[in-house]
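Structure record follows, encoded as structure tokens.
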Amino acid sequence: MSKLYNKISSYLFIIAVVVLSSLLVWLPFLLKTPNWLGLSIPASNFEYVLRHFDGPLYVIVAKTLYDPAAILSLRLEVALSPIYFAAHLPLYPLLIRLFAEVFGYLKSMLFVNVLLSGVLGIFFYEFVRRFKLSQHPLLLTVIFLFLPRFLVVRSVGAPESLFILLILGSLFFFEKGRYVFAGILGALATATKTPGILLFVAYSLVILERLITKRKFDPRTFWLVLIPMGLVSVFLLYQRQLGDFFAYFKSGDNIHLLAPYSAFNFQKPWVGTAWLEDILFYFFLYVTTIFYLKNSRHRSFFYFTLVFTVAVLFVQHRDIARYSLPLWVMFCITFERFLTSKKFFYVFLILLPAIFMYAWNFMLFNIMPVSNWAPFL
């Protein structure tokens, strides 16, 4: 009975952390304050949260399901071709649509993300606990939830919490040898964001390693073919709705994989600045994680980190922090002893106000120009 109580208490604590931290991120906009700790907020209101990229674009997909006539009928302020929305994969919009009857599309956009962030926090906690990856799974979960970029992403309209949850679920079932579920969740991850396909690459490397070192092949791993089939299913949807199987690749400048370290080019439109030293720190964290996981008994952890990190090194975009969010999970697991130490906890408490200052500052910057909300209602 005490174990059940402790588990439920932990779950409720995680949910409280997720919800209260997002409410704190929203607080200046809920209060409609024109000035917040030195930050000027012109015409302060909750629309700042709703306008955060790319949330409203996922709402358009949720409303229209990629139907070109429906998209054009909305008469968006910014002229966007229907094929542009193929860059926003369908699973998150479908969940928005599911709850839209209750909350409306814009509130559903936030509700789904906060709900899934809570589920992700609980699953991360269970993931760490069941694999015995840390003696302090609850504290590690809290640290995991407060990477500054992740705090923002899980408090606005965005698919990342869903994406990370599905990746983590797929890795969990792969390590348990339940390849059907690993394949299904991997397919859903791929229907959320295209980098989900990297799970299939990572699993293929694990299987190849087993073949080489143990001369063994488990035919049940054929279920992992569901992962690329998930992406094929998305492209078939595009063929039906947009008339183009390869619409994703024609949706605009959204394919950012060019060359190693191509993020360090201020002349490119998705970079636009030379102040990029923070990207080097992310590269340092995740490349270091690869080497520390090299001999891990959980081979999928190592290969997923390897494959995803290599892919991120090729991304030409300023927002490497967001692109690399699934790797933050692996970093937390790998360096859990340091992250749950008393010294780090003190550092975390000292920097927590700075994390929220970062979030409020970012919330004022990364917003869509929306004056007519009718298309999103």
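Using the three backbone atoms N, Cα and C, a Cβ is placed for every residue, glycine included.
Where the annotation comes from TrEMBL, it is an automatic prediction and has not been curated.
According to TrEMBL, the transmembrane segment annotation covers 12-31, 83-103, 110-128, 134-152, 157-174, 180-208, 220-238, 274-293, 300-317, 323-339, 346-368. Per TrEMBL, domain 'Glycosyltransferase RgtA/B/C/D-like' is recorded for 89-233.
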Interface-richest range of 12-31, 274-293, 300-317 toward the transmembrane segment (346-368), CB pairs under 8 Å:
12-31
Chain residues in Cβ proximity to the transmembrane segment (274-293) (below 8 Å; excluding those fewer than six residues from its ends, i.e. six or more beyond):
263-264, 266, 301-302, 305-306, 309, 312-313, 318, 320-321, 324, 327, 330-331, 334-335
As a test of reading the model: what is the averaged pLDDT for the domain 'Glycosyltransferase RgtA/B/C/D-like' (89-233)?
98
What counts of helix, strand and coil residues does DSSP assign across the domain 'Glycosyltransferase RgtA/B/C/D-like' (89-233)?
118 helix, 0 strand, 27 coil
Mind checking which residues of the chain, 6+ beyond the ends of the transmembrane segment (12-31), have their Cβ under 8 Å from one of its Cβ atoms?
39, 41, 44-49, 114, 117-118, 121-122, 125, 138, 141-142, 145-146, 151-152, 154-155, 356, 359-360, 363
